[in-house]
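A.B. asks: Here it is, the structure in full.
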Amino acid sequence: MTRVMAQLAMVMNLDKCIGCHTCSVTCKQAWTNRAGTEYVWFNNVETRPGQGYPRTYEDQDKWKGGWELNRRGRLQLKAGGRLKKLLTIFANPLMPSIGDYYEPWTYDYDRLFSAPVTEDTPVARPRSLITGEPTKIKWSANWDDDLAGAPELAPADPVLRKVSDQVKLEFERAFMFYLPRICEHCLNPSCVASCPSGAMYKRSEDGIVLVDQDRCRGWRMCVTGCPYKKVYFNHRTGKAEKCTFCYPRVEVGIPTVCSETCVGRLRYIGLILYDADRVAEAASTPDEKALYEAQKSVMLDPRDPEVIAAARASGIPEDWLEAAENSPIHKLIFDYGVALPLHPEYRTMPMVWYIPPLSPVVDVLRETGHDGERAGNLFGAIDALRIPIGYLAELFSAGDPEPVRAVLRRLAAMRSYMRGINLAGERDESIPAAVGLEGDQIEEMYRLLAIAPYGERYVIPKAHAEQGARLEELATGCSLDYEGGPGMGGPFGEASGPPAPVAVENFHALKERQATDDLGRADELRGRVNLLNWDGKGTPDGLFPKRKDKS
Amino acid sequence: MNALDVTLWVVAPYVALTVFVLGHIWRYRYDKFGWTTRSSQMYESRLLRIGSPLFHFGILVVLLGHIGGLVIPKNWTEAAGVSEHAYHLTAVVLGTVAGVCTVAGLAILVYRRRTVGPVFTATTRNDKLMYALLALTIALGLAATVVANVLGGGYDYRTTISPWFRSVFYLQPEGHLMAAAPILFKLHALSAMVLFAVWPFTRLVHMLTAPVGYLTRPYIVYRSRDDRAGSRPPRRGWEPAGRP
């Protein structure tokens, strides 16, 4: 019997990313706005081609992240086995320094107020947050944003270096797109395998990879082990930290902060069911180019009765099975076949997938005066253009252009098929047929990619109350077992009954505040005041005790 | 044996041991989050790459040497056919090499800590005290070995210091043995006792969680939300209802 496990996964549609960094900023506000994590961005947005963050992290000849196959064809950590890890524990030779990320800084804002009256306007000079000394800003998390400095910087892009022997880089014909990145929450996480203390783990309920802060001893091997360099070292606390997939939010059924705030609405979250016993076997596939298909083969069809029975036997609850069935992730990977993993050749089985951008192709067509919406033109361009396709293939399919080409052809087909419907009212069924889809499927795919509402983009089952007796919210010892959610009074009137989880309460309070004209209304809090959401305006009910009338 | 000797060689060892053991238990229970190496490799790795392995491997050999010299009785090694001369030669040569490595590594690390801005800023008072004690203990130990064996005619600590060390653990402390030892050995032992007493309250705790389990555990660790104890286990009388 297969051992079925559930995994929360994400897909990002790169065509819709405008590079606004809202995801990065809101994530930073939520998770890494503390001392010691100044340089840390659990979510960052890179401009490609570009060096990325930390610089050239994809150059695994240098950083040795991820897995490789040894001579006997078995998986081993690229940075070395267990013994080698322990022998290099005193000075990890493969750890990026702060300079590889960037030296975080602040400004001498106080100078603006405290400077004496002079002819010249006082300036706030940058100061390093590492040394506290005045510093010169030389690099940052997105220094090469929008191809800034690309003629000098982009040639060092490890992905571009792989394809550059095919085609000489011509910057007047440069292409560009944005790549938002979070932790991949891999099925075969090399950071977890690298942790000497066993402090990193994969949650068996939802597959989120976390660091146990009480067990981490700061050996720093996870930073080396992760090929995406998405585990960071908090230099103040001496502990590793990483993207948490916003577990306190997803446990109550709301999406991660980066997804919630995404301006382009390009992120999708849903469940994937997979066969846990076959992960290592699939990750050991000898041919790197076959790893994409191998990873797909590990994932199970949530509508297959046999899979459902096995999942039940493995203890996956019914509402999770239902969520898996409606998962937008499964649809994008399998039904429409448009999502691809990032760097499958690292053999970690990443679970944040991407829909590669068609826009570089459309841009080239438009610049050469062709109709960038016509199926024939697009198909021809996809077959002919080697630079963008080669580059995308190095990112998403270990250099094999065919999967990328197939995805782009489907996106192109959707583009021209939907244009036919919208402008001419005609359905050219030859277009979907050319990419192996039905017209209805194309329309469904269009709906999911373009206009799907919140509830279809994020299908996140709540963590179970009966499992969650010890959820983080419950560190205080209350019960998560509540019905109807916030706003429901208990059996003895308002404010009776168990309290709602803080994350739910914050979420609803915030929504209320965004939607209401009144200031500081807090009816739904049953007489209590949520100070986390009080913006200082007005006096919400319950902030002060009611005055006793003297009359 | 006067009162001072009793205090130093009978009372002090037990005080140091008690603080060492109870201190670790207390720290493990109440400050797991602070239980870390507090690595500064992020800030600087060029000097660290030389200094840190030199120091750590050196001190590990020194530790093995201490176990060999203090814990294993002389008559055991003699029964195994190791002559006094052979033992002495190995101990002095190996001890000096390891000692020099340790001191050189420590010197590089202290120099780095003082001169590299970010590393110095990240150094707490606790760290400074720890470094002072550690350096003092190592320097005294190396000095005792060099003075007694290289400059002097040799001192057989295995007939005095080692029996005293073991007697402390047999709970029949023989303080008079230590009272008769040369002054450098006495000072070394004293500074070591102070070091052991502050040990649980410094970053040295990382030694006790050396990750040897990594060699045998499976690569991928799965943990369930359920069996995670959480940051605070439910207190007595507050267990959630409806659970078996």
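Don't overthink the numbers, they just go from 1 along the chain as shown.
Using N, Cα and C of the backbone, Cβ positions are placed for all residues, glycine too.
Since this is a predicted model, take the numbers as computed values, not measurements.
Per TrEMBL, domain '4Fe-4S ferredoxin-type' is recorded for A:8-37, A:174-205, A:207-236.
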A.B. asks: Grab the pLDDT values for the domain '4Fe-4S ferredoxin-type' (A:8-37) and give me their mean, rounded.
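C.D. replies: Over the domain '4Fe-4S ferredoxin-type' (A:8-37), the predicted model scores a mean pLDDT of 95.
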A.B. asks: By DSSP, how many residues in the domain '4Fe-4S ferredoxin-type' (A:174-205) are helix, how many strand, and how many coil?
C.D. replies: 5 helix, 9 strand, 18 coil
A.B. asks: Summarise the domain '4Fe-4S ferredoxin-type' (A:8-37) by DSSP state, stating how many residues are helix, strand and coil.
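C.D. replies: Residue counts in helix, strand and coil order: 13 helix, 6 strand, 11 coil.
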A.B. asks: Write out how many residues of the domain '4Fe-4S ferredoxin-type' (A:207-236) are helix, how many strand and how many coil, based on DSSP.
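C.D. replies: DSSP composition of the domain '4Fe-4S ferredoxin-type' (A:207-236): 5 helix, 7 strand, 18 coil.
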